[in-house]
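Student: Got a structure for you, questions after.
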Number of protein chains: 2
Amino acid sequence: MLEDKKTPLTPVSTLGEFGLIKHLTEKFALEQPSSSLGVGDDAAIIHPGEKRVVVTTDILAENVHFNLGYVPLKHLGYKAVVSNLSDLAAMNAVPTQILVGLAASNRFPVEAFEELYAGIALACQHYKVDLIGGDTTSSQAGLVISISAIGLQDEEKIIKRSTAQPNDLLVVTGDLGGAYMGLQILEREHSVYLANPHMQPEMEGYDYILQRQLKPEARTDIRNTLEELGISPTSMIDISDGLASEILHLADQSKVGFHLYEEKIPLDNQTISTAEELNFNPVIAALNGGEDYELLFTICPNDYEKIKNHPDFTVIGHAVEAQQGNYMVARGSHELIKLTAQGWDAFLKRQ
Amino acid sequence: MLEDKKTPLTPVSTLGEFGLIKHLTEKFALEQPSSSLGVGDDAAIIHPGEKRVVVTTDILAENVHFNLGYVPLKHLGYKAVVSNLSDLAAMNAVPTQILVGLAASNRFPVEAFEELYAGIALACQHYKVDLIGGDTTSSQAGLVISISAIGLQDEEKIIKRSTAQPNDLLVVTGDLGGAYMGLQILEREHSVYLANPHMQPEMEGYDYILQRQLKPEARTDIRNTLEELGISPTSMIDISDGLASEILHLADQSKVGFHLYEEKIPLDNQTISTAEELNFNPVIAALNGGEDYELLFTICPNDYEKIKNHPDFTVIGHAVEAQQGNYMVARGSHELIKLTAQGWDAFLKRQ
C-alpha cells in the first residue's frame, strides 16, 4: 500500500479529524483566479465571473474500482482526480477546482493519507486545479474516495451529450483498450505474487498499458486542439466505461443511432500484443474495458477535412437515425453486430 | 433498515449502475433558475449570474455517523442533505443544488436506495434545492454517503469564520445538546432491543430530542431573519461538532478568544430532563455533543438591542483578544474553565 515500507506509521487519532484535514491540505495553494476561498471554512467560494459553472462527482470504492494490493496510493489519488477532470473535459469546460471526501478504516495511518494526497497534489499541479474543500472520516471498512470537480466555460462553448445529429461523424481521441489490458497484467502478476511472494512481477514490455491503467491522463488538451482546428463538436462524452457504453449514452441522449467500424477502432500495438498473449480480443477491451479516459465526440460531416489526418483523432463511425439502431460493422465480413452496454458496471462486473 | 419490511426486494444488479442512477433521479425536477443542466451528462451546469458560488462537501460512513439499526434510511437521506445545507447557511449563502455520491454493499436492495432517495427528495423539496448530479457504486462494506452542496450569494453578503473582532458578541440560534441526548435514547433503546427483540422501545416523552437527532433542520431561515433585523454577523459557523469545537474554530480563524457563559447556553427542557434521567450534564451535551445544526455567529456590540429579545437568538458570550484564550465562565462559581475541542471527532470518539 505504501511506497516506502519503512516509513514509521502514525495512527490518525494522534492528529484527530480536524488535524488530519489541516495537515493534508495546508500545502495546497490557490492558483485559479476563480478560487476566492479554499479549505478551512464551512464552505469554499468560487468567483465564476460571466462563466457557467460545470460540476461533476465520482465515488470510488476499494476492491470495486481499485485494489490496493497493486495500486499505489499516490497513483490512486492522481487517477481519482483525473477521472473527474475527464468528465469536465467531456463538457469542454476548463477544470478549476476540486473537493475531496475520504472515508477510510483505521488500518490507514496518516502516512497512507499523505501518499494519497501527494497523488492528488500532483494532479492539481499538472492540471492547474485548486483543492478548495474536503471532508475526511473513519469508516468501518475499506477506503472510499469521493471527488467533486468544478470547471468553467462560456455557455455557448459547453458541449453536451444530447446534441448529435444523424450523419455526424463519430470521432475518438487517442487509442482504446490499453487501460483494460494493463489491468489484466496487474491482476495476473498480483495472483502470481499472492501464490508466491518471492516471485518478481514481470512488468517489462507492458509500460504503456500499465501507465494507461495506473496513471491515466484526462484529455483537457483536446479543447485547445479543437479550437485551433476550428472544430466545434456537436456532442461529447468521455470514455470511462468502454466505447460501446459511451456510444449508447450519446445515442440515447441525442436520440440517434450509431454505426461503428471495427477496423477503425484505434488500438496501440502493446494493447494488441498483450491481448494476443492473453488470448483476448483487443476490440472487446476497447468496447467494454473502460478507464481509457479518452474523449468521444461527433462533428459535422463538413469538418471531416479539418480532422482527417490529425494524429490525436480517429473517425470511427457516424450517426444514423435512431430507428436504425446502434451497430458495429465487423472487420472483413461487414456483419452488423448490435452494440450492448457491457461497460464497467460496478454492480454487475465486480461485485 | 427499510420502513416497510414487507416490500419485495430487488437486487441492484437487475437495474445495473446506470439504470439505478436513472431510476433514482428521474423524478427530480430542476426548479432553481441557476440549474442549467442536471443529472445525465458528464457534468451538471450552473448559471450563477453575478453571484459567488459557495461549495461544500460531507462524507458520512455507516457505524461512524449513523447506525442503520435505529436510523431509518429516509431520515438518513434527509439528514445527509441537511448537514451540507447547514454549512451553506453558515456562509449566509442560499442553497441551490446538491450532488449525491453513494457507495453501498450488496446487502442494499434497490428499495433501500429508494428510501434513501425519498429522504433526499424530501429535503430537496423542503429547502428548494435541485439534485443535479451524482454517482452510485457498490462497495465491499457498508454504506458511505457523500454529498456536495452548492449555494449562491453576493460577494459582500458572504460571512466567513475569520472576521470576528474582540468585543463582538457571541450569539447562537435555537437550543443545543438535544441531538446528542436524542442519540443516547436511541442507543439505549437499541441495546434493549438487541438484548430482547420482543421489548417495545420506550420513545414516549422524547419526541423533541429524537427529532433533533433523526430529522434535524438546517437554519436556512436565519439569513432572512437577520436581514429583517438589519444585522450582518461579523463571522459565522454552524454547530455540527459541538459548541466548544465551533467556538475554537471561530477563535482560531479570527485570531481572537472567546468567553462563554455557562448559564446562557440555551437548553430545551427535554434535553435537561433526559440528561438528568441519564445522570449526564446537559451542558456537556451542548459543548461536545454535536449535530445540533444551529448557527453560531458574532455581531457588533452595537447590534445588541436589535437581537436581545428575539426568540431565535441567545447571546452566550463575547470575543476577547486572542491571548486571553477561550474559556467558559461557570454558572454560580464564575470559575474559568478552558474550552477544549472534544467535538464529534470521527476518528477519536467512534472508531
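Quick reminder: no glycine exception, Cβ is built from N, Cα and C everywhere.
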Student: Looking at the Mg(2+) 3 binding annotation from TrEMBL, with B:ASP42, B:ASP87 already listed, which candidate in B:ASP175, B:ASP207, B:ASP221, B:ASP238 is the matching residue?
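Tutor: That Mg(2+) 3 site, as TrEMBL gives it, pairs B:ASP42, B:ASP87 with B:ASP238.
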Student: Within 10 Å of B:GLU291 (substrate binding site) (Cα to Cα), which of the binding-site residues B:THR56, B:THR57, B:GLY134, B:SER240, B:ASP241 do you find?
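Tutor: B:SER240, B:ASP241, listed in sequence order.
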Student: Using the structure shown, find which entry in B:ASP87, B:GLU291 (the binding-site residues) has the sparsest Cβ neighbourhood within 10 Å.
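Tutor: Least crowded of the binding-site residues B:ASP87, B:GLU291, by Cβ count within 10 Å, is B:GLU291.
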Student: Quick one: which of these binding-site residues, B:THR57, B:GLY134, B:SER240, have their CA within 10 A of B:ASP87 (Mg(2+) 3 binding site)?
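Tutor: Of B:THR57, B:GLY134, B:SER240, within range: B:THR57, B:SER240.
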Student: Counting Cβ atoms within 10 Å across all protein chains shown, which of the binding-site residues B:THR56, B:THR57, B:SER240 comes out on top?
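Tutor: Most Cβ neighbours within 10 Å: B:THR56.
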Student: Taking CB atoms only, which of the binding-site residues B:ASP42, B:ASP238, B:SER240 fall under 8 A from chain A?
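Tutor: Only B:ASP42, B:ASP238 pass the 8 Å Cβ test.
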Student: How big is the gap, in Å, between the Cα of B:THR56 (Mg(2+) 4 binding site) and that of B:ASP238 (Mg(2+) 3 binding site), rounded to a whole number?
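Tutor: Rounded to a whole number, the Cα-Cα distance is 13 Å.
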Student: State the three-class DSSP label for B:ASP241 (Mg(2+) 5 binding site), counting H, G and I as helix, E and B as strand, and everything else as coil.
Tutor: coil
Student: Could you give the Cα-Cα distance between B:ASP238 (Mg(2+) 3 binding site) and B:TYR117 (ATP binding site), in whole Å?
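Tutor: The Cα atom of B:ASP238 (Mg(2+) 3 binding site) is 25 Å away from the Cα atom of B:TYR117 (ATP binding site).
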